[in-house]
C-alpha cells in the first residue's frame, strides 16, 4: 500500500553510482549541495557557485608574496622559459594576476574575455568588476610543465595604505577566491630582506581556512651566510607563529629558485635537498587532484550547512510586523550567542563557523525579511551526501589511482633533477662508485679483510652468529642490520664470504653517514665474483 515510502527509503540508503570522480563531484554538487546554497543565499556571503570547469581544471599553484620576493622568477625557473606578460625587476613589477596556462600558441587573453570562457575556471571572477578584470590576464604557452599544472602569479603585496585603496578591488577577497580553488598556495619570502608587512599579515590571515594547502619558500637564501640564514629562518618561524593560528609547524623550504650561479655556495647541498622536497610536493599535485576537489567539496558542504542554520535562526528571531530594524541590530550584535546556540543544538564544531566579524559586516547590508526558515529536507539531502555518496566517491578515487598510470609533473626544472649525474643524490651513499670501472668496496676491502679473518672463517665463509658480533658494533638497530644482511648475503646461504662481508661493512658505512639503504642491491655494488652468477 505504501510502497512509495519503501522506495524513498531505499533511494536514501543506496549511494549513487558514478563513472568518474569528476562526474560524481559535478552531479553531487548540482543535485544535492547547490539547492541548499541557493535557498539560503550562500553565494552572497561566502563563495560563488561552482561550475563544471572548477571540477575539470588541472591542479593550480598560487604564488603569494611581497614585491620582489621572486614570484615571477620562480615560475620562470619551473618552466625554464619566459611567458607572455612576464616582468622581472627589483621594483614592484607584476601589477596583475597572471594565470600561466598551457596553450598551443603563445599569447595573452585579457580578463574580460577570460571570464566568459566556459572552459576556464574563472567565470565567477566577473563579480570583482572591471577594476580587477583590467588587472587579470591569462598567459598561454606550449610548455611540458603546464600540461600537468597551471600557475597563478599575483601582484607583489606592498606596505602602506595607498596600495590597498588604489587597487580598486578587494585584493584579499580575490586571493581568498583563488585559495578555495587551487591545490597549493606557496608563500614566498626574501631571505635577504625578511619583512612581513601588515598587509601581508592580513592576506595570510584571509587564507587561514586553507592552511593544509600552504607551503612557505624562503627564497634568495644564497645571498646570506649559514649563520645569518639560521637567524633569518628563526625570525621567519617566529613571525609566522603569530600569524598562522595552527598548532602544526608550517613546512618551510629554503633555497634559491633561479638559474644563476649561487652567490654564497656554502649551503648548496641543503638547497638541493630542499628543492627536491618542494618539487616532489608539486609533482604529487596531479595525482592528488581528485582527492583535493573531494576534500574542498566536503569543506564547502559543512560551511553551507552551518550557514543554513545561521540564516534560519535569524529568520526565526525576526518579528513579523513591528520593530524589525531594532531587532536586526540586536541579532547582529548578538551573533556570537547565536553561534553558541547552534553549536550546542546541532553538535557542530566551532571551526566550521564563518568568521564572526565578517559575517556581522555582511549581515548589516542584508534584508532579513527575505531570509528563509529551516527546511530540514535540504539539510537531510546534504547529510546523506556526506554520509554515503562521498564514501562511494572515495572508493572511486582509489580505483582511479590504481588504474591510471602515475601522474607527475614533467618538463622544465623537474626534468633536470630526475636522472644523470646532476640528479639529486647521484654518486652519493649507496650510489657512490656508480660510474667507476672498479668495484667501489674494493677501496676499503683490505681493512675489512683483517676483521674477516679474526672471525674464524670456515671454507672461506663466516657464520651469521660471528658476523652479527661484528655488525652490532655499529650500534645500528637490528631492523637496519637485518636489511643490510639481506642485501649482503647474495647467494642466500646464511653465511658471508670475504666479499659479502666487505659489502655488509660498506652498507653499514653508508647508513652511518646518514644515507638511506637501497631496497635492492644496485648492480655496481655486486661483488665481482658474484656478477657472473647473477647474470
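Cβ atoms are placed via backbone N, Cα and C, with glycine included.
ATP binding, as stated in Swiss-Prot, involves 65, 66, 67, 68, 69, 70, 71, 72, 258; the candidate among 30, 220, 293 given for that site is 220. Checking Swiss-Prot for coiled coil across the ranges 198-227, 228-257, 318-347 points to 198-227.
Here Swiss-Prot gives region 'G3 motif' for one range in the set 149-152, 153-156, 157-160: that range is 153-156. Annotated pair residue 489 (Ca(2+) binding site) and residue 69 (ATP binding site), C-alpha to C-alpha distance, rounded: 52 Å.
A gap of 46 Å separates the Cα atoms of residue 220 (ATP binding site) and residue 500 (Ca(2+) binding site).
Distance noted between the C-alpha atoms of residue 491 (Ca(2+) binding site) and residue 65 (ATP binding site) is 57 Å.
Applying an 8 A CB threshold to same-chain residues 6+ apart, the list for residue 69 (ATP binding site) reads 156, 188, 189, 190, 219, 220.
When Cβ neighbours within 10 Å are tallied across all protein chains shown, the highest count among the binding-site residues 489, 491, 493, 500 belongs to 500.
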